[in-house]
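J.: According to TrEMBL, the protein has these features:
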- 16-30: compositional bias 'Basic and acidic residues' (COMPBIAS)
- 1-30: region 'Disordered' (REGION)
- 50-71: transmembrane segment (TRANSMEM)
- 182-200: transmembrane segment (TRANSMEM)
- 266-284: transmembrane segment (TRANSMEM)
- 304-327: transmembrane segment (TRANSMEM)
- 348-368: transmembrane segment (TRANSMEM)
- 420-443: transmembrane segment (TRANSMEM)
- 487-509: transmembrane segment (TRANSMEM)
- 521-540: transmembrane segment (TRANSMEM)
Amino acid sequence: KMSSGAADLRQRKKQHCTESDKMAPEERNKEISKLGRSPKYLLIQRFAKLFFGCLAAVTSGMMYAVYLSTYHERKFWFSSRQELEREITFQGDSAIYYSFYKELLKAPSFERGVYELTHNNKTVSLKTINAVQQMTLYPELIASVLYQASGSEEVIEPVYFYIGIVFGLQGIYVTALFVTSWVMSGTWLAGMLTVAWFIINRTDTTRIDYSIPSRENWALPYFACQVAALTGYLKKNLNCSAEKFCYLLVSASTYTFMMMWEYSHYLLFVQAVSLFLLDSFALAQTEKVHEVYKIYLFSLFVGYLLQFENSALLVSPLLSLVAALMLSRCLQINMKKDTFMSRLLKIMYIYLVLTITVTLNFLLKMFVPHKENEHLLKFIEVKLGLNTTKNFTMNWLLCQESLQAPSQDFFLRLTQSSLLPFYILVLIICLFSVTQVIFRRICGEPLKETVKLEDGRIGERPEIVYHVIHTILLGCLAMCLEGMKYLWTPYVCMLAAFGVCSPELWMTLFKWLRLKAVHPILLALILSMAVPTIIGFSLWKEFFPRIMTELSELQEFYDPDTVELMTWIKRQAPVAAVFAGSPQLMGVIRLCTGWMVSSLPLYNDDDLLKRNENIYQIYSKRSAEDIYKILTSYKANFLIIEDSICNEVGPVKGCRVKDLLDIANGHVVCEEGDSYAYSKYGRFCHEIKMNYSPYVNYFTRVYWNRSYFVYRINTVISFQS
């Protein structure tokens, strides 16, 4: 029965495609006869619109990539720097990603380079890691293959090729947002406005300025392509060829996105929830939504295999949700009959799916061995106020700006660029229209096959409903964590631009207002052109001079102390030496010198997190003997003290590294409402600079400058008075 039902479903889909393809020419002929225009004239008009729209989209992406490249050059003077000075611009985890790209290019063959990365024991002391799996190095693998296969060695330097790919992907990102707003509104004017808002609010739409090699800069362009294809796929009355193209693009971009970023399945989970709600209220074709679910399953399966049997994908909420939806599909098919009982069971269906999802995820975590980050769950507990902790790592994460609630400055910037007011206006209109449609569906009123402009029912378009739900869910996350704004704000730009350029949105508003003085359709068409034009001119007048000033202004980024430190290490330190210090500095040392380090700025591995906490003890109030035992346990030969951490004056009280260490070590004493640090030992990073016993017994200073103090860790301890 199930197989015959599936065959009937496929047959109905084929019939629908052929009927829509046959009906399309008849409808076009009717339109043409009404307009009194020849088919040839209309074909030329549509082709011109498509051609110039695509040209504008591609040009916008290329111009944005050129803008990023020019800004990067002006900021770092990249072309006039030596290789060491260029590499210092990669900070923290960015330095680690680029260092593995360098290692791949230096390997005698690509196969040997991949093997060394998957069995890496030359980066972190006493630890062999699968760097490809642990750090999601597929972007670096692809970049190295492209660099060598294209014969670019004699044309361009590796660093320019690497950052050029990232900037190119950002151009694709912008182009995808352009296309999404264009598909939704029907005019590429919306795409131009999307790009303008995206660039003006670049501080809040992308992290490309701060961390070029970060995983999201590689992954989010593919997600934007997936969203653009999904937007087209969800549209009603789409011809078969366009539907197949959108389906293939959704499939390819979903899989690629999952391979580029270890946290991609969480973002896809948010998208799956949006599609689930869209389907639950029967606002989209169930067959299309379930085809997307199958894409998720396939991507999870292939990702699990190619990511070295990554168990985190098996216990991901995305897999549990999609499996629950598949199990509940039979009930959903029975519900979609227009009876009172079926409408009543919709609520039960949602409850059933959620219950199965939670239960399935719980069972998977019980029986599937996984290394899912426990600190992530603990962080959520502490963030929500369900628990308190003195743990250094947890409190350090809570102090990070990206994990705080968004500041008032964020909303002020969005308001000054006029983005936030128009977004709220568009969201309210769409949300009310969607609510009306849901109420009509509950009352048994069917959806219209084709929504005309004069109907004023923008909430009946499934792609619009999807974006409304999606942007609300992402917005809720962004209100909790400032780092999530980079996922939300680009789609704020897209939705706001679509709304002000869409005649349907204005017509929906006029239907509610019962406008009679002026013809509502004519006024909607005028406003959909006039409002974005006025916004565009005002943005051009206010922000274009600022952007040109950014590009013409020569900025000075030079860190002579770090350059001197790296130069000393390369010239004086033994090749087999192991360095210990802050994880951020260790990343730079690994990139610039190639020397082994004791820790890395990575936060997805419990062992590395514990290492980071232990090595950070060099800034705590502990004895020289304790620090010596910690460092020698990781086979460290040299210790680097950073003056900026030791004498840190943080803007937030209690968030300095030394404050967090004092709390974790129980060295904070509270008296009469005031708290202060107390220990029988002085702060190690201060005391070691005094060069007296017992510190000189364990450590010997070998190099220093204004920012760094390097000490050799003595293998033979000499107790001198």
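Each Cβ is built from the backbone N, Cα and C atoms, and glycine gets one as well.
No curator has checked TrEMBL annotations; they are predicted automatically.
Remember, it's a predicted structure, so these values are computed and weren't measured experimentally.
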J.: Need a quick answer: max count of Cβ pairs under 8 Å to the transmembrane segment (266-284), which of 50-71, 348-368, 420-443, 487-509, 521-540 is it?
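T.: Result: 420-443.
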J.: Considering only the recorded stretches 50-71, 304-327, 487-509, 521-540, state which has the highest number of Cβ pairs under 8 Å to the transmembrane segment (420-443).
T.: 487-509
J.: Among 50-71, 304-327, 487-509, 521-540, which stretch has the highest count of C-beta pairs below 8 Å with the transmembrane segment (182-200)?
T.: 487-509
J.: For the transmembrane segment (521-540), give me same-chain residues lying six or more residues beyond its boundaries with a C-beta closer than 8 angstroms to one of its C-beta atoms, as numbers and ranges.
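T.: Residues 185, 187, 189-190, 192-193, 196-197, 200, 417-418, 422, 453-454, 497, 500-507, 510, 515 contact the transmembrane segment (521-540) from elsewhere in the chain.
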